Amino acid sequence: MNDTQNPLHGAEASPLGKPVAYRDTYAPELLFPIARQLKRDEIGVRADALPFCGEDLWNAYELSWLNPRGKPVVALAEFRVPADTPRLVESKSLKLYLNSFNQSRFDDAAAVRMAIARDLSAAAGGAVGVAVWPLGGQAERRFAAPEGVCIDDLDVAIDTYQPDPTLLSAGDEVVSETLYSHLLKTNCLVTGQPDWGMVAVRYTGPRIDRAGLLRYIVSFREHNEFHEQCVERVFCDITARCRPQRLAVWARYTRRGGLDINPFRASDRDQRADEAMEIRQ
């Protein structure tokens with residue numbers, strides 16, 4: 001896919017919130033890439049000096065195609081899009097793209113995996129990792145909270161529902177800990193539909209004030225932005241306000257349209273997100 005076949009637009013030009021005709025034969029042109037830099041400019045992130053590394057992990061639950069004899073195959077899939085790719089893929093377009101496999105014939109799951117990897121890599125502008133598992137072929141998934149401290153039971157008053165980094169602060173004592181909250185709610189950049197999820201913050205550095213962190217997380221409640229952009233905003237705000245020596249931020253959003261999106265951003269390449277799935281996924 002090149003930019004003349006599928007030119008880059010802002011999110012407002014995407015299929016989100018618009019009636020579309022569903023295609024059931026393979027159509028890679030349905031993928032709609034959006035330049036990450038359009039929103040990174042808002043938080044002072046330069047493409048040539050990213051303050052983080054990481055990836056966007058997508059889980060796909062509604063993937064099907066026909067085998068060479070016309071019999072349907074169903075499968076699960078996982079996509080790992082590096083955070084340093086220049087483009088993200090809009091989620092409704094990815095759903096429409098995956099639906100286009102429904103009446104298309106492929107030799108086997110490996111052929112499907114190769115097609116998806118080729119198309120997503122072209123859309124994102126970098127190598128995207130793809131795994132496809134026919135049912136029963138994937139390791140059992142683990143549902144659990146992150147290893148850390150849930151801050152949701154703190155008794156705090158809250159009246160701010162747009163992102164406010166001034167709610168964040170840190171003390172003098174240096175600690176290593178993971179804090180997380182299930183109270184994350186953001187909204188689709190285009191449609192305003194609510195997106196629900198868990199967000200975790202793992203850091204080494206001055207102790208982050210937990211009440212302030214909870215207020216800050218809740219302050220995204222009326223904010224319209226894509227999942228990936230929200231996590232990058234959280235990472236940058238905590239970096240600026242709390243000055244951690246090491247930091248990782250990840251979110252696990254609930255499923256929509258047969259897909260869930262789980263962005264992960266970290267200060268160091270040796271860090272990994274907890275692979276356990278959020279109970280609402």
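Any Cβ shown, glycine's included, is placed from N, Cα and C.
Keep in mind it's a predicted model, so treat the numbers as computed, not measured.
What Swiss-Prot says about this protein:
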type	residues	note
BINDING	VAL89, GLU90, SER91, HIS227, GLU228	substrate binding site
BINDING	SER91, LYS92, ARG256, GLY257	NADPH binding site
ACT_SITE	CYS188	active site, thioimide intermediate
ACT_SITE	ASP195	active site, proton donor
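Sequence-distant neighbours of ARG256 (NADPH binding site): residues of the same chain at least 6 apart with a C-beta under 8 Å from its C-beta are SER91, GLN193, ASP195. Checking Cα-Cα distances from CYS188 (active site, thioimide intermediate) against the binding-site residues (GLU90, HIS227, GLU228, GLY257) with a 10 Å cut-off leaves HIS227, in sequence order. Within 8 Å of the Cβ centroid of the substrate site, not counting the listed residues VAL89, GLU90, SER91, HIS227, GLU228, the chain contributes ILE34, ASP56, LEU88, LEU94, PHE226, ILE261. Recorded residues LYS92 (NADPH binding site) and HIS227 (substrate binding site) have their alpha carbons 13 Å apart, per Cα-Cα distance. Ranked by how many other Cβ atoms sit within 10 Å of their Cβ, the recorded positions VAL89, CYS188 place CYS188 at the bottom. Under a cutoff of 8 A between CB atoms, and with a sequence separation of 6+ in the same chain, the neighbours of GLU228 (substrate binding site) are ARG36, ASP56, ALA83, LEU88, ILE261, PRO263.
Rounded to a whole value, the Cα-Cα separation of VAL89 (substrate binding site) and GLY257 (NADPH binding site) is 14 Å. Cβ neighbour count for GLY257 (NADPH binding site) (all protein chains, 10 Å cutoff from its Cβ): 15. Residues VAL89, GLU90, SER91, HIS227, GLU228, recorded as binding substrate, reach a greatest CA to CA spacing of 11 Å.
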